[in-house]
Each structure stands twice: as C-alpha cells, then as structure tokens.
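Sequence annotations record features per position, and here TrEMBL assigns signal peptide to 1-15. Look at TrEMBL and you will find 39-56, 77-93, 113-132, 139-158 tagged as transmembrane segment. If you look up TrEMBL, you'll see 191-299 marked as domain 'FAD-binding FR-type'. Under the heading region 'Disordered', TrEMBL lists 411-451. Taken from TrEMBL, the feature compositional bias 'Polar residues' applies to 432-443.
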Amino acid sequence: MEIVFTILYMGGCLAFTFAPTDNMKPAVNLMPKYWGNDAGKIAAIQLPFVVVLGLKNNPITWLTGVGHEKLNIMHRVVSRCILFFTWLHLIGMRPDQPYGSVALMLNETWKVLGLVGAVAQTLTTIFGIKAIRRRFYEFFFITHVILILVFIVCTHLHVRAKDYAVYVWPCYVLWGFDRAVRLGRYLLFNVVLRPQKFTASVEVIRTDALRVTLKRRIPGGWTAGQHVFVAFPTLGLQSHPFTISNVYEKDADGKEAEITLIVRTMNGQTKKLMDRALPTGSCELPAMIDGPYGRPEDIRPFSTCVFIAGGTGVTYTLSRMHQLFKDIGAGDACAQRVTFVWTIRTEDEYQWLAADLERVVAAAPPNLSLTVDVHVSGSRTAPPNLSLPELEKGDGDVGIDVEKRHWHDSSYGNTASCPTSPPKSEADKYDSTATTPTVSSRSASKEALASRAINRRSGRPDVYTLLEEEITTAQGAVAVDVSGPDGLVGAVRSALCAPFAGPVAALKGTPTVLLCVEQFRM
C-alpha cells in the first residue's frame, strides 16, 4: 500500500512539473532549466506538508480524526517525493558546459548549501529504510533529528537567495507549535496536576517484557486503545509510545487514574529499563507522560466485534473489549457477539495479562455471545529463570475457569509438540486450514465455564476461517480490531479482501465490515 501511495503521489507531482503552461514552440516545459526549476519548487512547497504529517499535534488529525501514527505512512510518502524532486531539480539545473560544470554548480554559497541539504535528506531516507529503522531505531531517531535539521536550515538558506523562503519558514512555526504543545502537556500532567507519586512502578514479567504502572490526573480521561508517550528522565530525555492496556477508571479518591503499560524490551531505552528492574524483579523510576494520543474508531454501533492480537498487541484489543463491555452494560453499545483471539509464542507470555484477561472476561454482560481463544504458537517451555507455578490436574474439557488467577498448564503434560511444517510467508502462517485442538483444564462450575471460557489452542489461528464464519453469520455490521506483527495484520487484511467480505458480497447483503489496525511501525 505504501508503494502504491508513493507511485500515485509522485506521478501527480511529475504531471505538474512537466505540464505545458503556454503555447510556445518549442515546448519550453521540456527544457531542463524549465522543469528543473519547477521540480525545485514542487519539492520546496511540500516542506510544510511533510512537517505537519510528522507531528504529534497537527491540524490534519483535528480535522479528519486520523491519528498521527496513521499519518506516518503519508509522512514517508511525501518525504520520498521531496527527495526525488530535489535530485531532479539538481539534474535539471546543472550547467550546460561539459567542462567545469561541477565548479559552476559550487561557485556560490547558496548552491553549496543546496547540495549539502540534498545529501542530508538522502542519508536520512536511507537510514529510514524499514529494515534499518526497526532494527536500529535509536540510531535512526537521533540521525533523523540531526539530518533533517541540517536539511531544513540548508534548504532555507538555499532558496532565500531566490526569494522562495516563504516555502520553508512555516516549517519552523509548525515544529515549534508541536514542541510547545507537547511541553505544555508534560507540564500539565506532571507538574501542574502534580501526582501524589511522581515515580512509575516497573515490574519484570518476563525476560523480555515489563509492566509499567503509574498514576496521573488526566482531564477527560482516555479512550480505550489510545497511547501515551513515556519518558524516564534518569534514563535519558527520549520518550517512547506505549498503548494503555487498561480502561479509564479513577481511584478511590476520584482524582487520579492508574495507567498500565506492557513494554516489550528491545534495544536502547527499554533495555536500560530492563537492566534497572531485572536484579530485584522491580524498581521505581521517575516518569513523565505526554498524551493520550490516537483516535480509535467507535465500535459501539456494531453488532459483532472481533478482536485479534499477537504478542503485546493484546494491550490494545483487551482494553477495547473491556470498554465495549462497559458500554454494553451502560446501554451505549449494541454488540451481541464478541470474539477475542490472542496469539502468543510461549505459554509464559500469558502471564503478562492473565489476571486482567480473566477479570475482563468475567465482567462480560450475561446475554453476550462471547468466545475467547488463546493460541500458543511456539515453545511450551518458559525461560530457565522464569518458571511457571505448579498446576493442579483436572477433568474439565471446555476451557479455563475465568475465576482462576493462574494459567492451567497440566493438560500440556502429555501433549505432543506442534508438528513442524514447511516455511511459509508471515501472512500464510495464520491461514492454516487444519483445526487446532482445544486444551482442557480444571473447572469450578461447568455451567459458568461453558459460557465464559478461555480456550487454549496450539498453533496459529486460522484467521481466514474465523473471519469468514463471523461475517457470514453476523446479524449486523461487523468490526474487526487487529494489533500485532505484520504477518498477522497482513493475514487479516487478505481475509477481508476475500469474496465473503468483498464488494460483491456487500451487494448480496453481507454485513458491512470495519477494519481497525493498531501498529506502531515508525
């Protein structure tokens, strides 16, 4: 999709660059000096636009309701377009003389600055390639800030010589406005509305996962599925976005609300956070928040809601489902059917949100049709330094009692390991046609367990079959929320492009389907 957007957007800009503007013969629009000059203007005029698309607080979000994290794809599209037209401008404006052309291109300061700016933007675009950006995000972030600053300043000085600075100076205003708003938020939530406890509790829940808990006064609260930026001053000034895993509920004194975040540790600041907490299993660190951000879609009018998550993506879907249950109880939502699917690699990952998941499922409205499946797709053993609790044997056969606070594991004792299969693409891994067995566990009340069970299954979910069944049997509009790795999101997108949910199906009376995707892929 990103490639398609880039091609279409760049094609439109090329049309403006080479379009004839007069009837002169020969056509001057095809002369290098002419289209080279227009290419430079096309690149410069888009600078305020690309800056707006990269801001956390921007008028596009206020006008359209599209969150900054979803506008990031267009930020990259426009940035690549500017890079292309910058070099097209350089090629078109080269001197006609075959000898000494380089010297003529660099004989004035404003020309040198233009070339420096082009090189700076080229480097930041290379560092922004997805493979580099995701693997070395800290490096990308630092170099992005420095190189873009060099690019903007050099471009400003370059175009000022030709009286085109009007295209560049708005970038400083827009960026400064965003910084001012974010600073104001930090001061409001962390200084003006002074919390009773400035520190955050950091708890190790797995060798690569942390639970961060803090309390703040948030005027107006937050919507399930939104995220906040959290900075730990003692670890550095950089902030990271994390989805809030719980719904907005004030504490006993009615002032502050607890914010719970699940953090998967990688490199950079999250690794430093793990290093602080790992020796004792938990620690307290000063923390500052900015947010909430994001504009999750309203799913209250939908009669069927499907939540699909992979790994830490469950923080988004679980909070969305919990808020939906509260809305149904208050008479503000009309969902009659809810399906919740969570895919994890190892059994101990369930402990991340075991108590929270069981508590939310137990709070489901009694008249709601609810299915909850947890798929264990990989190893069944926990890391050596994190052991699972000793489990009791039982004879239940429909799922896990939601009143229990631990993960029933005994049923896996005599179960063969998952069969291996030939390598597949990331999306194909979630489209197996083979059925996955439900794993039994102990039940306290068979009647309650049958209606409110958390089913554990081995292997990845078959999202195609799942969505086909839910959509074809739905009595009204269907909302699908998905959050997780690219393979899972891609499988859901592919399934919803299938005939059972496509335009032809809609003409035949198939319910409307809303797809909500939550991914932080900077």
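Keep in mind that glycine also has a Cβ here, set from the backbone N, Cα and C atoms.
Counting same-chain residues at least six beyond the ends of the transmembrane segment (113-132), those with a Cβ under 8 angstroms from any Cβ of the stretch are 76, 79-80, 82-83, 86-87, 90, 105-106, 139-140, 143-144, 147-148, 150-155, 157-158, 521. Counting same-chain residues at least six beyond the ends of the signal peptide (1-15), those with a Cβ under 8 angstroms from any Cβ of the stretch are 42, 73-74, 76-78, 80-81, 84-85.
Averaged over the domain 'FAD-binding FR-type' (191-299), the predicted model reaches a pLDDT of 89.
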